[in-house]
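Some notes on the structure that comes next.
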Amino acid sequence: MIDLLLLMLAALAAGAINALAGGGSFITLPALIFYGLPPTVANATSATAVLPGYAATLWRLKADVAPPAGIALPVMIALAAAGGISGALLLLATGDALFSAIVPWLMLVALGVFVAGPWLKKATARITISRWVAVPAVYLTCVYGGYFNGGVGIIMIAVLGLLGQTRLMTSVAMKAVMSATLTLISVSTYAAFGLVQWPIAGLMALGAITGGWGGAALGHVIAPKWHRAGIIVIAAAMTLALFMRGAG
């Protein structure tokens, strides 16, 4: 009972974190692995749990949704859907043994991307890319998100910056559109192959919805440096714990 309560609290925190800056999977995925789920099942259940949080955030920010210049919104959504199913199928092909070995490294890469987030935003603000480069960049970002959700929000905001989208709230809203789409498609794929633990996902979804709604509101109250610092500390601790688990 206590374990399930802790999982729900992890989802609550993840929903808020995803609304603020991305990175909710830094909490939910390790929590589910340490709960005892096989890594691929934990990844699928984690994605399922945070999906309602993406939807709650998107609903709150729907007025800010606008695609980058030169790429229609339906095209962005189609790329997210294609990437989501591609990433999910790639996960299914990986298997538990290999995925268990690479999860700590994926967490480390995602943490590095998150830490470099401010620099990436500044760098992409000075650079724009052509539509021919943009389409594969968006698709590959969504493949990564469909395979492993950690840090995808930061990468997505950086890619949107390369597409010329410089207004932060518009980028955050578009990130919510893309994340919700690719996660919905990837979760549907996981479910079709029986990877989702629905009772646990449903319990955690309640926390993710509350966290996603509250996090969108807290984003206007808490200084970004503080919630970034908190996420980095938590993610570093979770990553270290996963490396130690693998070494043990």
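One is the number of the first residue shown, and numbering goes on along the chain from there.
Cβ from N, Cα, C; glycine included.
Taken from TrEMBL, the feature transmembrane segment applies to 33-59 (among others).
Here TrEMBL flags 71-92 (among others) as transmembrane segment.
For the transmembrane segment (98-120), the list of distant contacts is 21-23, 25-26, 29-30, 33, 38-40, 43, 91, 148, 150-151, 154-155, 157-158, 161, 228, 231-232, 235-236, 238-239, 242-243, 246: same-chain residues at least six beyond its ends, Cβ to Cβ under 8 Å. Here TrEMBL flags 98-120 (among others) as transmembrane segment.
What TrEMBL records for 132-160 (among others) is transmembrane segment. Sequence-distant contacts of the transmembrane segment (132-160), counting only residues of its own chain at least 6 positions beyond either end whose CB sits under 8 Å from a CB of the stretch, comprise 18, 21-26, 29, 43, 46-47, 50, 68, 70-71, 75-76, 79-80, 82-88, 90-91, 103, 106-107, 109-111, 113-114, 117, 120-121, 123-124, 171-172, 174-175, 178-179, 182-183, 185-186, 189.
Feature annotation from TrEMBL assigns transmembrane segment to 172-193 (among others).
The transmembrane segment annotation in TrEMBL covers 200-223 (among others).
Note on the transmembrane segment (229-247): residues 17, 20-21, 23, 26-27, 30, 33-34, 100-101, 103-104, 107-108, 110-111, 114-115 of its chain, located 6 or more positions outside it, place their CB under 8 angstroms from a CB of the stretch. TrEMBL lists 229-247 (among others) with the feature transmembrane segment.
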